[in-house]
Each structure stands twice: as C-alpha cells, then as structure tokens.
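Engineer: Okay, handing you the structure first.
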Amino acid sequence: MARAIMFQGTGSDVGKSVLVAGLCRVARNRGLKVRPFKPQNMSNNAAVSDDGGEIGRAQWLQALACGVPSSVHMNPVLLKPQTDMGSQLIVQGQVRGEARGRYYQELKPQLMAAVMESFAKVGDGADLVLVEGAGSPAEINLRAGDIANMGFATHADVPVVLVGDIDRGGVIASLVGTHTILPQEDRAMVRGFLINKFRGDISLFDDGLAAITRFTGWRSFGVVPWLKAVSRLPAEDSVVLERAVRGDKKALIVAVPMLPRIANFDDLDPLKAEPAVEVVMVPPGSSLPADAGLVVLPGTKSTIADLLALRENGWDRELVAHVKRGGHVLGICGGFQMLGRRISDPAGIEGNVRDIEGLGLLDIETMMEPEKVVRNVEAVSLLHDEPLEGYEIHIGRTSGPDMARPFARIGDHDDGAVSPDGRIMGTYLHGVFSADRFRHHFLRALGVEGGQMNYRESVEEALDELAEGLEASLDIDGLFALA
C-alpha cells in the first residue's frame with residue numbers, strides 16, 4: 001500500500017480540495033509519483049474521467065496537478081443531489097441508483113469494499129497518495145459506517161491533518177471543538193493541523209497557533225495566506241458562486257441564473273478569465289441584468305425541477321424580454337433542454353412531473369430516457385468551424401426542426417441546435433469555452449474582442465503559483481514525513 005496522508009476539514013468549504021490540488025503539484029515538483037483520492041464526494045460538479053466514468057471535478061483538477069490521467073478510482077463514491085431528500089449514487093464511475101437519507105447510511109458499510117479497492121488501485125505504483133475528506137469528522141452522528149472521513153482513515157490506517165478556515169471566523173473554536181468531540185480512536189489519527197485562508201500579517205496569529213496546540217496537543221504545520229492563484233482555479237462548490245459580486249462594467253455582461261441544482265458551473269470559468277467579460281451569477285429573487293448581452297442557462301442535475309424554479313423566479317419572462325432586446329442565449333446540457341418546446345419524462349426519471357412545457361425559444365423537444373451518456377468528446381463547432389474538446393453527462397434525447405442547425409459536430413453525429421436568427425443556441429457539450437479559438441470567435445460574434453489567453457495554460461500556471469505559496473507557508477517536509 002502506498003504512503004498516504006488525509007486532509008479533513010473542520011467543516012465544508014474550508015478549502016480542502018484546492019489545498020490538496022496544490023500539495024499534489026508540490027509533490028510532483030519534488031519528483032514524487034503522487035495521486036489524489038477522495039473516498040466520497042457530494043457534488044453536481046462532475047467530470048468524465050480519462051477512463052470514462054464520473055468523478056468530482058475536484059479530483060479531475062487534482063489529477064491534473066499530479067500530471068496523471070484521471071480515474072474513476074480517485075473518487076469511488078460520488079453523490080449527485082437531485083432532490084431535497086435524495087441523490088444519484090455513482091460508484092466507481094457508474095450509476096448505481098438513488099441514495100436517500102437513512103437508506104444511504106445503511107448502505108455505506110457495503111461501499112467500504114469499493115472504496116478500499118479503489119484506494120489500492122490509486123496507490124499502485126505511487127510514492128504518495130493525498131486523500132481528501134468530505135464535510136467534517138465532527139459530524140459524529142454520521143460516524144457509524146462512515147467512509148468519507150475517520151471511518152476511512154481508521155480502516156486504511158492513514159494519518160490525518162485537520163484544516164481550519166480562518167476567513168470565516170472561529171477557527172480556534174472549530175479545531176479545539178473538533179478535538180473535544182472526536183472519539184479517542186479518531187482523535188489518535190490526527191497528527192496536526194493547518195490554518196487556511198489567512199489575510200494580513202500571519203505573525204498576529206502566533207498566539208492562536210499556540211493556543212490550539214495547548215488545548216489539543218496537535219502540532220501546527222503552518223498558516224496558508226489568502227492566495228490569489230486560488231481564484232483562477234475551478235471551484236467545486238456552488239457556495240463560491242453565491243459570493244460573487246459585480247465589479248466594474250465590462251464590454252460584455254454574461255448573466256447566469258443560479259438554479260437550485262446547478263451543475264458543472266466551471267463551464268463558465270474561461271469566460272470569467274476574459275478581461276472584457278463579466279459573468280454575473282443571478283441569485284433567486286433577483287432579476288437578470290437588463291444590460292446582459294448573453295444569458296447562459298447552465299447544466300443542472302434536475303432539469304424539470306430547475307425549469308419550475310426558473311419560472312417561479314420570473315426568469316422565463318425576463319429571458320423573453322432579453323431576446324426581444326436583441327440578446328443572445330446559450331443553454332448547456334439541462335439548460336439546452338429547457339430552451340425547447342417541451343420536456344417529457346414518462347418514466348418519472350426526474351420525479352413526479354411527467355410532462356412540462358419548455359421555454360419555447362428553440363423548436364425542439366426532449367424525451368427523458370434511463371440511459372445516461374457519459375463521455376469525453378472531440379468535436380467541431382459548426383458556428384465557427386473551430387475544434388472543441390468537451391464532455392457529455394446527461395440523460396434525455398432531443399429532437400426537432402432546429403436540430404437541423406446544429407451547434408457542433410461530434411464524430412458522425414450532430415449536437416445541439418441553433419435558432420434561425422442564430423441568437424439562441426443549445427448544446428449538450430460541457431467545457432466548450434475552454435477551447436481558446438472557439439471562445440475568441442464566439443465572443444467576437446457578440447461584439448467583444450476576446451483576449452489571447454490560453455485557458456489551460458492559465459490553470460497550469462495557477463497550480464504552480466499555488467504550489468509555490470504552499471511551499472513558502474507550510475512545513476512540507478513535516479507533512480510528507482507523516483506518510
């Protein structure tokens with residue numbers, strides 16, 4: 001079994017995913033064969049791994065940081081929330097059904113075998129495996145049968161480092177409190193802690209570090225400052241989107257309704273990185289900005305439920321007004337399905353609503369079907385005759401007259417649809433804006449001169465900057481010596 005270290009958080013969104021990605025790049029830069037692993041993830045931001053299954057986008061980014069192909073075994077259990085009570089269960093890249101509350105708690109012990117099998121596969125040939133926990137080990141009500149945090153750490157005998165987020169406040173209490181409520185067996189797995197997202201003079205927290213060590217007996221591995229490189233990396237959780245605020249007005253405003261079950265929102269990251277573009281995330285209860293030149297309907301885990309939510313917010317009427325003003329609309333995956341005349345779900349795959357009228361902006365209809373399409377693709381944009389690389393993760397088959405004007409060509413078949421005037425577009429492809437030449441042509445058609453940024457290179461550069469920041473702020477030698 002490969003050497004391993006596990007990073008668990010005092011809560012969700014403390015920065016574990018990006019931290020592990022940065023440490024993966026640190027280890028790679030030191031000449032180590034390093035791999036990422038996350039036993040269980042809950043996210044609608046999924047990727048298609050290089051071996052053809054679904055994993056969390058965070059593990060895809062971590063694999064990139066390691067310089068290795070991504071694998072379903074890097075995230076063997078993925079939960080994709082689709083209702084308030086249930087999630088789609090993905091095991092080793094494949095759909096295994098729906099997981100609901102107490103039923104999933106009863107199922108977790110059975111999933112440990114798959115988790116350990118994947119952990120062994122990831123570690124095969126590696127010098128080091130960096131493991132990311134989920135949520136917090138302090139949720140002791142979920143400890144029985146746990147596979148995400150201490151249940152995995154104790155089963156696999158992997159030492160744990162706790163991560164606290166000082167930016168949200170209360171980091172001393174969160175770390176000391178976690179120490180207090182952990183069972184002795186779990187507490188013994190913790191080798192130390194680190195502080196993330198510090199702003200200002202780090203020396204001002206010296207007494208805080210000493211206090212945490214005094215209360216817990218855990219050593220400090222350092223304090224990570226607020227690193228600008230993080231903002232240039234894909235975010236895993238939609239909670240990050242909720243913090244977005246409008247800045248100085250740019251040449252193109254792109255409005256994105258924040259659907260309740262928004263998925264794969266990192267499709268928007270290349271647009272956010274363009275100097276002349278401002279991406280405005282529109283929360284429920286707010287109106288689409290009247291000065292938007294483009295509205296993007298993003299992917300969603302539950303198309304029908306989010307279409308209903310879109311209507312409840314009045315965004316359907318605002319979309320029609322946007323189009324009448326001469327605005328453009330792009331629907332991606334579930335957003336593409338919403339643009340049509342009708343969505344039918346006779347088998348109730350998404351829920352109790354079996355048939356619903358769409359937005360009617362494209363002359364298409366979608367029939368939900370059980371078979372799920374999960375694949376990486378190479379395509380050609382038929383709008384600009386430029387190459388595209390992306391991926392598909394969807395259920396449903398779409399047809400109709402506007403499909404005669406496809407968005408892209410994938411191998412021997414067409415994808416998507418475009419309205420007769422070219423202002424309404426839809427595609428099943430995620431990741432299209434990562435293709436630099438396509439993105440530049442797309443923006444130019446909207447009257448904006450795109451920059452000459454190479455998006456993939458910018459992500460690599462951000463990972464390198466993140467690694468440099470971690471090398472400078474953490475006791476890396478001490479951390480890696482834990483494994």
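A Cβ is built for glycine as well, from the same backbone N, Cα and C atoms used for every other residue.
What Swiss-Prot lists as active site, nucleophile is C333. Under the heading active site, Swiss-Prot lists H430. According to Swiss-Prot, the feature domain 'GATase cobBQ-type' maps to 251-438.
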Engineer: Pop the Cα-Cα gap between C333 (active site, nucleophile) and H430 (active site) into the table, whole Å please.
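Structural biologist: Just about 7 Å between their Cα atoms.
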Engineer: Please report the three-state DSSP label of the residue listed as 'active site, nucleophile'.
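Structural biologist: DSSP call for the residue listed as 'active site, nucleophile': coil, neither helix nor strand.
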Engineer: CB neighbours of the residue listed as 'active site' within 10 A?
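Structural biologist: Taking every protein chain into account, the count is 26.
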Engineer: State the count of C-beta atoms found within 10 angstroms of the C-beta of the residue listed as 'active site, nucleophile', not counting that atom itself.
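Structural biologist: So the number of other Cβ atoms within 10 Å of the residue listed as 'active site, nucleophile' is 25.
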Engineer: On the 0 to 100 pLDDT scale, where does the domain 'GATase cobBQ-type' (251-438) sit on average?
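Structural biologist: That stretch averages a pLDDT of 95.
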